[in-house]
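S.K.: Take this structure, written in structure tokens, and hold onto it; I'll ask about it next.
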Number of protein chains: 2
Amino acid sequence: MPLIVQKFGGTSVGSIDRIRSAAARALATQRAGNDVVVIVSAMAGETNRLLALAGEISPLPDAREVDSLASTGEQVSAALMALAIQAQGGKARSLLGHQLKILTDSAFSKARIKAIDAQRLHDTLGQGTIAVVAGFQGVDDAGNITTLGRGGSDTSAVAVAAAVGAACEIYTDVDGVYTTDPNICPTAKKIERISYEEMLELASLGAKVLQIRSVEVAMKYGVPVHVRSSFSDAPGTWVIGEEQSLEKVTVTGVALDRNEARVMLVGVADRPGIVAQTFGALARENISVDMIIQSPSVHAIQPGSDEGSIRTTDVTFTVTKADLPRAQHIMESLTAAVGAREVRYDEDIVKVSIVGLGMRSHAGVAARMFELLAAERINIEAISTSEIKISCLLATKYAELAVRALHDGFGLGANT
Amino acid sequence: MPLIVQKFGGTSVGSIDRIRSAAARALATQRAGNDVVVIVSAMAGETNRLLALAGEISPLPDAREVDSLASTGEQVSAALMALAIQAQGGKARSLLGHQLKILTDSAFSKARIKAIDAQRLHDTLGQGTIAVVAGFQGVDDAGNITTLGRGGSDTSAVAVAAAVGAACEIYTDVDGVYTTDPNICPTAKKIERISYEEMLELASLGAKVLQIRSVEVAMKYGVPVHVRSSFSDAPGTWVIGEEQSLEKVTVTGVALDRNEARVMLVGVADRPGIVAQTFGALARENISVDMIIQSPSVHAIQPGSDEGSIRTTDVTFTVTKADLPRAQHIMESLTAAVGAREVRYDEDIVKVSIVGLGMRSHAGVAARMFELLAAERINIEAISTSEIKISCLLATKYAELAVRALHDGFGLGANT
């Protein structure tokens, strides 16, 4: 019998009524001749409520206890979903991380799945029962409860689908992945099919439909993922392997990330090892750096200064706004050591990116992007590229204008 | 190192501030030179909130899922308690039913503990860590989460204390066990020491300080239990073995139970098997019967009735008010079969009981009880006795008067 994994996110189980609707959908899928595994998130708001309790007690609560605390949100949803399926005449059984044996490493709050006991799942399904799996949670070798990080239920769902060789439906409060944010660009349209690689770039660039790690797992095991709305029956977006992706368009989507901040080291002595020293210090503090640009200093040496004889350079990089205070702290202790004349911080920036598999084979995509921005008189502060994406750092005030210009300029609009 | 088990009930962990206070108490106990195991209930109101969610979905929700749902309340408390101990500079680790291996049978919602992994507990304590155990919950052989029934955290605490050979402190919102309800009788006083047997009779008679099963477990394994207030340092009541109980008073306490209802079968044919038929039908429906009185019918046979030739009897018994609707349903289908002329129901009654080990050796306690009630012109509707208690059924209006008359008449008052 075909097996389908259905994951319902926090808004899709946000009330008893919504849980009933999700249960009805799972039962309809079963009646259509499928075995069904349901993965649930915590009811919307519940994880935040639990974390706030921990936060009241301690600013830096122990991660093991926080995981045990936070995992109760999905435990509650799983039991309620099983009860809702039963109340509609079906058979259902909830399975927690330690019951299904979703074995993870011991990295509390960001654990990685090592193995899933597919046999236990098959045993449950073999009795005509819908297995309801608590998402987000696992268990380590010592029996400690772990969690997979924010949005971890997506990863649970894809990993379970991989373990049993099923397709995975992700039910959420949007009806698919869009070419860009429809709130910014009214011509944005739903993407029918997108490759894992493109989805990864879009996810990491701010299109928060799927947790990035779930896409990595889907790609690794070739799990077809269908992102769709829990409030309609319309098909959503299929996230699939490149070879199955029919639409070989140049640019698939435009992403906007408002979450970065820029750090500029001005007038750094241009000696070997200076850059390594800076980024080594950041890495030790677990601060991820995104874009890095190094250029000869454009700042004139002041007349009469001793520094006239030393060549200097400017180093610019971006970190997340959340990491900026810690980055500032590190930079202040480093400024003297690296010999920077000045450090500047700028939170008034955004990153706009275009993503598409077609870029590999189409020349001139970057040039076209810069043209489209220039036509709107938008200044580009920094650029970074990969095989299938190009990102530009811009002043925040240009964010929406740039997204619309690129989206329609690359012909992604519904009516173009 | 001496080991102390401390259990904190729902009101004692009812807010973050109260959790902090309980954590401080556990740490003070540890600093005084003890190993400490803390057992926690769910935060006050939480279990009801969770059960209400299940009730919204189904009037008779599946017990396995309800247990998985309800057990999250204690899981949350355990994590928060561990965090609170850590925040005050201590070491702590939460242990859930499946982590400590509190092995139970599979009777969901009323599971019984079969074994506890004391080694796991000792391993945790051996590192100077306070073990925080989630009360109320266990795990069966198949890894299903079970719960021990209302007030089950008391049983968890006593069972853990038994497993490691420790004394057990039960912190609650009253400061001990009283000779009777102080709200009814202002002269009620705190009992310093009470035997397991007496506590069992008081617990089952409505003095809801300790879950009855926890007292059974304490008696079976000889665990000394200290019931005391989480809001003061004053000693509470020790529940201990009979041989350690110093106060050999005749009557230890007076209990009032407002929870019973009376069923009277009037004019039942006095044939063998009639009574067995009635109580067999109730037992099959899992309805517990408390007092049973059979007496020759006092109702005159109506003149000219055919029944004049048949001897009849009246049968009176009590069930809980909650069971009364089901009992009525059974009685209606049985009335014809048992040949009763009439069935009467009465919810306007209470049961007042006196309890005391001394009754065994003191004659005349029952007679004194009836005298005291008679002196207040209180009519006794029914009587039942055991080795260490005597219960009388009375009209509800006499409840408080009877309690005060017996309490002071047997010299239990603070100033008598």
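Just so it is clear, glycine is given a Cβ too, placed from its N, Cα and C backbone atoms.
Below are the features I grabbed from TrEMBL:
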type: BINDING; residues: A:Lys7, A:Phe8, A:Gly9, A:Gly10, A:Thr172, A:Asp173, A:Tyr178, A:Lys208, A:Val209; note: ATP binding site
type: BINDING; residues: A:Thr47, A:Glu74; note: substrate binding site
type: DOMAIN; residues: A:263-348; note: domain 'ACT'
type: DOMAIN; residues: A:354-416; note: domain 'ACT'
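I would like each feature placed in context: is it buried or exposed, what are its neighbours, and how far apart are things?
M.R.: According to its DSSP assignment, A:Val209 (ATP binding site) is coil. Within 10 Å of the C-beta of A:Val209 (ATP binding site) there are 22 other C-beta atoms, taking all protein chains into account.
Here the Cβ of A:Thr47 (substrate binding site) has 21 other Cβ atoms within 10 Å, regardless of which shown protein chain they belong to. DSSP gives A:Thr47 (substrate binding site) a helix state.
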S.K.: Taking Cβ distances under 8 Å as the criterion, give the subset of the binding-site residues A:Lys7, A:Gly9, A:Thr47, A:Glu74, A:Tyr178, A:Val209 near chain B, ordered by sequence.
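M.R.: The answer is none, since no candidate qualifies.
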S.K.: Between the Cα atoms of A:Glu74 (substrate binding site) and A:Gly9 (ATP binding site), find the distance and write it as a whole number of Å.
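M.R.: Just about 10 Å between their Cα atoms.
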S.K.: Using DSSP with the three-state reduction, classify A:Gly9 (ATP binding site) as helix, strand or coil.
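M.R.: Coil, per DSSP.
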S.K.: Fill in the CA-CA distance, A:Gly9 (ATP binding site) to A:Thr47 (substrate binding site), as an integer in Å.
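M.R.: Counting only the Cα atoms, the answer is 12 Å.
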S.K.: Are there residues of the same chain, six or more positions away from A:Thr172 (ATP binding site), whose CB falls under 8 angstroms from its CB, and which are they?
M.R.: A:Gly9, A:Thr11, A:Ser12, A:Val209, A:Val227, A:Arg228, A:Ser229, A:Ser230
S.K.: Any idea what the Cα distance is from A:Thr47 (substrate binding site) over to A:Lys7 (ATP binding site), rounded to a whole Å?
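M.R.: Rounded to the nearest whole number, the Cα-Cα distance is 17 Å.
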